[in-house]
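What follows is a short report on a single structure.
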Amino acid sequence: MRYITAGESHGPQLTVILEGVPAGLTLTAEHINKELLRRQKGHGRGRRMQIETDTVEIVSGVRHGMTLGSPITLIVKNDDFKHWTKVMGAEPISEKESKEMKRTITKPRPGHADLNGAIKYGHRDIRNVLERSSARETTVRVAAGAVAKQILKELGVEIAGHVLEIGGVEAKHISNLSIEEIQTITENSPVRCLDKTVEQEMMDAIDNAKSSGDSIGGIVEVIAEGMPIGVGSYVHYDRKLDAKLAGAIMSINAFKGAEIGVGFEAARQPGSKVHDEILWDEEQGYTRKTNNAGGLEGGMTTGMPIVVRGVMKPIPTLYKPLASVDIDTKEAFQASIERSDSCAVPAAGVVAESVVAWELAHALVEQFGKDRMELIQQNITQHNKYAKEF
């Protein structure tokens, strides 16, 4: 499976085309809209989320609530486009139009794609860069993730995400929660945190950053249960599932780090405390005593829960802008200010769920049959029986 997205932040719409989704998957706009709504929530979101409704329109690949096996096209309209019709229109603008009408930007913002993108593509108007590099694009990545989650659900895999840290405020580790319990708790938390004792402290940190014109980042974790043993491959570097998951996390706007299982903590522990001992019994088959590997060894699943974390840096659009240089005059200026969030970590957690879900669903479809859901389900059932008796 693969997908491609298109659209600008203040353009008429965002589009995603999904290829390789099996036939026979139950899919409705309601499934996708539920995930889009989750992305819009979270303490610290900016005014843009008060403008956009973010509802999907399925325009191909689905008939009467069932996927056809052909490419699926999803679009999400940008409600804010009505205020940007002239600025973001596709037709040429006359020479008489002023810079103000075009809303031309010549001052790149530190921490963004602005300067590097302008140099790469030769744009003298940095708006041409920021409109596409904006995290607004993750709207349709969440839509794609919603389709992947539906695949996982029908294949017996559950997934959930939560926030571990915001602005230096750390949540306590809470173990032995089911995926359903994690989902319930986080959906009722304004910061998607499992630890209620630090919830208010996280919100205070966000509010303090906002009042001072600053921004803060954090850490999110995604957990998936129900993956069969042996999904992925050790044979080639580009087939290793952990590599794909790390790449997916790092592809999210403003994410600067990824780890699986105990991650970087493994560097501080001896091997005897890191590696997960193998157990077997007639009821479960092969299991592990611990899950320090985060459900992945040698680029393949172990049958234990997949545990992936991502680090999001503070959003670089600040209301007390950093120093920059005008690309036209080369004079020092304060960077341009675009409407932004003070903290998007809770929403980014939803995006992280989506990209992890896509990679897991892709791996299952690739390994167990690409054409139709019924065949994939049969093959996974047969594989699980084989793995248990191996």
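Cβ from N, Cα, C; glycine included.
Feature annotation from Swiss-Prot assigns NADP(+) binding site to ARG39, ARG45. Under the heading FMN binding site, Swiss-Prot lists ARG132, SER133, SER134, ASN253, ALA254, GLY298, LYS313, PRO314, ILE315, PRO316, THR317, ARG339, citing sequence analysis as support.
All chains included, 15 other C-beta atoms sit within 10 angstroms of the C-beta of LYS313 (FMN binding site). Summary for the binding-site residues ALA254, ILE315: the Cβ-based neighbour count within 10 Å is maximal at ILE315. Long-range Cβ proximity for ARG39 (NADP(+) binding site), meaning a same-chain Cβ under 8 A and a gap of 6 or more residues, is found for ASP54, THR138, THR139, VAL142, ALA347, VAL350, VAL351.
Cβ neighbour count for SER134 (FMN binding site): 21 (other Cβ atoms within 10 Å of its Cβ, all protein chains included). In this view, THR317 (FMN binding site) is surrounded by 23 other Cβ atoms within 10 Å of its Cβ, with every protein chain counted.
Note: ARG132 (FMN binding site) has non-local neighbours GLU8, SER9, i.e. same-chain residues 6+ apart with C-beta under 8 A of its own C-beta.
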